[in-house]
Amino acid sequence: MKIVVTGAAGFIGSNLVKGLNDRGIDDIIAVDDLTHGDKFRNLADLQIADYIDADDFYDLFAEGAFGQVEAVFHEGACSDTMELDGKYMMDNNYTLSCELFHACQEQGTRLLYASSAATYGGSDTFSESPEFERPLNVYGYSKLLFDQRMRRELGARFENAATQVAGFRYFNVYGPREQHKGRMASVAFHQFNQFQAEGKVKLFGDYGGYQAGGQMRDFVFIDDVVAVNLWFLDHPEKSGIFNLGTGRAQPFNDVALAVVNTLRQSQNAAAMSLEDAVRGGLIDYITFPPALVGKYQSYTQADLQALRAAGCQHAFADVQTGVAAYMQWLASAKI
């Protein structure tokens, strides 16, 4: 089984390569842009058949240069929600995705692609339906526009797809192999580094009607994201747009406390309550950044009805379980 993974040296892409390797699949064409070379570390311990630069891949794939490819996991994109260059964003996230889609349909190759919960933006309902899609930035719009294009070409539920097309609206993903993402890495990653350096972690103060640290997101562990992607690989008859979160919103305070307690326990210190951690200065609330006002999702929670109706019954880790596993990985990793 030959598989292509775009964005293969990135966070989700490299974890997908690992997940495929764990199944004994190594006939993998890894596609990425290693201009920022540090990302190579995400692939160094994995097995792939070939590496192709992203600038060369799309035309070569359209020409059939790689023979029969079973599926493309399309994770390659500009995922910086603070990026203001709309042309760059649309070229990378929309135009190239459209070209890849048409090539996949012509060659009978399945396409499993990364959409985003950013398509919902300011909505308070997170269900895969146009009336709830209100992106707050050009990143969210670039992802929404491709979803809309797929609906126009394939039908509302992708029922007219010649071969499988499945889009996954990732919520707040965290876990191993995200260290290259800088400011766009998860809050758990940043808090690990803060605690190691300063003995405390930082969270936004009150904003949007939420108390300090009380803003809520659907935080999903990377292992769960990989498991759902691979479930769809095993079920080629399933197409459509699907939320990929836990279906459970948890406050940022839960993440911070899981970070603090896991790292304290590694030092043989007792677990603390949120109140004690705040009182002891281990959780520090900072003023909400003016640059994010009006552009920030204070609440997200994936509606999993479509995913469950498709037959995927995967059980997702909660923040306490996933963050604890991630902290243990970070503490032992050489990154």
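Positions of Cβ are set from backbone N, Cα and C atoms, glycine also.
Listed in Swiss-Prot:
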type	residues	note
BINDING	F11, I12, D32, D33, K39, E75, G76, A77, C78, S79, N92, K143, V173, K181	NADP(+) binding site
ACT_SITE	Y139	active site, proton acceptor
BINDING	N172, R183, H190, F204, G205, D206, Y207, R217, Y296	substrate binding site
ACT_SITE	K181	active site, proton acceptor
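Mapped onto this structure are the features recorded in Swiss-Prot.
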residue : record                       : DSSP (3 states)
D32     : NADP(+) binding site         : strand
K39     : NADP(+) binding site         : helix
G76     : NADP(+) binding site         : coil
N92     : NADP(+) binding site         : helix
Y139    : active site, proton acceptor : helix
N172    : substrate binding site       : strand
K181    : active site, proton acceptor : helix
Y207    : substrate binding site       : strand
Lowest local Cβ density (other Cβ within 10 Å) among binding-site residues: C78, V173: C78
For the recorded positions K39, K181, H190, the one whose C-beta sees the most other C-beta atoms within 10 angstroms: K39
Distance [Cα-Cα, Å, rounded] between Y207 (substrate binding site) and V173 (NADP(+) binding site): 22
Alpha-carbon distance [K39 (NADP(+) binding site); N172 (substrate binding site)] in Å: 21
Residue among the binding-site residues N92, N172 whose Cβ has the most other Cβ atoms within 10 Å: N172
Y296 (substrate binding site) - helix vs strand vs coil (DSSP): coil
Rounded Cα-Cα span from K181 (active site, proton acceptor) to H190 (substrate binding site), Å: 11
Spatial neighbour of Y139 (active site, proton acceptor) that is closest, considering only the binding-site residues F11, G76, N92, V173 and their CA atoms: N92
C-beta crowding around Y139 (active site, proton acceptor), within 10 angstroms: 23
Number of Cβ atoms other than its own within 10 Å, given for Y207 (substrate binding site): 17
